[in-house]
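A short worksheet on the structure shown next.
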Amino acid sequence: MQDYDEVTAFLGEWGPFQRLIFFLLSASIIPNGFNGLSSVFFTATPEHHCRVPDTANLSSAWRNHSVPMRLQDGREVPQSCRRYRLAMMVNFSELGLEPGRDVDLEQLEQEGCLDGWEFSQDIYLSTIVTEWNLVCEDDWKAPLTISLFFVGVLMGSFISGQLSDRFGRKNVLFVTMGMQTGFSFLQIFSKNFEMFTVLFFLVGMGQISNYVAAFVLGMAISLEFIPESPRWLISQGRFQEAEVIIRRAAKTNGIIAPSTIFDSSELQDLSSKKQQSHSILDLIRTRNIRMITVMSIILWLTISVGYFGLSLDTPNLHGDVYLNCFLSAVVEVPAYVLAWLLLRHLPRRYSMATALFLGGSVLLFVQLVPPELYYLATVLVMVGKFGVTAAFSMVYVYTAELYPTVVRNMGVGVSSTASRLGSILSPYFVYLGAYDRFLPYILMGSLTILTAILTLFLPETFGTPLPDTIDQMLRVKGIKYRQTPSHTRMLKDGEESPTVLKSTSF
């Protein structure tokens, strides 16, 4: 049978039909951005200290000195999880003793926050931390909430890839959009931390399933307003349905379709054969696809750690938290524009590696910035976010081009699953900042640079047709293959393409 790209070349690359599908799919994933990083705000931990009950018989002086002080960023602030022993303070107050003058505060016994906490409302009026006191011994629950959201994203990545390859991209797209919307609304009525977390987990499942299905559907530019992918229909032996969609696309683009799109004799022969089914095991069936799968998993995991780690750490930067989060979001716009230009005009490997080297190197420099130049540190973090974001947006396209049609959604889904492992870990990268402010940047910067080096070993897909079968996949660079004339795919002009595999012996 003729190559799919050759058969449908008469449609053009970017007509009204393709533009309509592109903008509809883009609109369907707009809510994903709100759900994905809203945790930056609703899991925020305001400044807090132990509450002293109003009923305690303390003088104003003892109330003002009831909490020990600690040094933070060059200034003294109240400790978050300890107070002086209340019974002792009441006794001293009743005796008329003054703190610091008659009593050495450093020698006083301390106790935990037995009466709860008082939270600053200078920035946040309410978060899940202030709602359910997720501080001190329970401070691990706030990052856990974010991690479990990404666990839901992981589960959605794994399941949606297989479901959409089996039942079609369109069906999965609309089901998961409804799932994401419904559970997000129910979160408003959460009664406790556990209920909120379970609902957030389900929101995560719907979010990524929606995104992956929309992305792969857009890769094939498939109707009805959004059609099924013709490539997928052909891989399932549903040739008539694929032809109907292609003819509709031609009509929308104002193009007269040829009288014969698919040769009837070939269709008859292919229809009589049972279509080969594919499973996730096909992603490791040959040595070539196995190497690409392993490398893609590492690539997605480390990029995800950098992207989400930097996004979630934004409130910890100096300055106004809302301004910093705004800048962190704004810097993604030119990153996406740059990624689009690079994908259109330059090789994938070098574009990805350059963006990752940029992001990783500036993150390593953050620790060298003097404390008084905190604005420079913020600029470096934003540049790092720029590089990692550009790489993150390109990796979707790059991975989809590496895998053939028959397992493309599974390949992107498994890679995205690996990405979710990175996003699950990212809140705890941020959490390490409580022990050393620069430790998250050192780890994320190092991982990003190592990933840039790994990217250079992947095959180049720029300017090559999308593979339809596993046998047509591009080779991994630096790995030797046995090759005979029968192992290569022939081009239209009779020349051999040394970059496209045809052998199944690997």
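Note that Cβ sites are derived from N, Cα and C of the backbone, with glycine treated the same way.
Now, the feature entries from TrEMBL:
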- 140-159: transmembrane segment (TRANSMEM)
- 171-189: transmembrane segment (TRANSMEM)
- 195-221: transmembrane segment (TRANSMEM)
- 289-309: transmembrane segment (TRANSMEM)
- 321-343: transmembrane segment (TRANSMEM)
- 350-368: transmembrane segment (TRANSMEM)
- 374-398: transmembrane segment (TRANSMEM)
- 438-458: transmembrane segment (TRANSMEM)
- 487-506: region 'Disordered' (REGION)
Worksheet item: Taking the transmembrane segment (374-398) as reference, which of 140-159, 171-189, 350-368, 438-458 has the most Cβ pairs under 8 angstroms?
Response: 350-368
Fill in: Same-chain residues at least 6 beyond the ends of the transmembrane segment (350-368) whose Cβ lies under 8 Å from its Cβ atoms
303, 306, 310, 338-339, 342-343, 377, 380-381, 383-388, 390-391, 394-395, 398, 438, 441-442, 444-449, 451-453, 455-456
Fill in: Sequence-remote partners of the transmembrane segment (140-159) [C-beta within less than 8 Å, at least six residues beyond its ends]
39, 43, 45, 128-129, 132, 134, 176, 193, 196-197, 200-209, 212, 308, 312, 413-414, 416-417, 419-421, 423-428, 430-431
Worksheet item: Who are the long-range neighbours of the transmembrane segment (438-458) in its own chain, taking Cβ under 8 Å and residues 6 or more past its ends?
Response: 292, 295, 298-299, 302-303, 305-306, 309-310, 313, 348-350, 352-354, 356-357, 359-364, 366-367, 381, 384, 387-388, 398, 402, 429-430, 432, 476-478
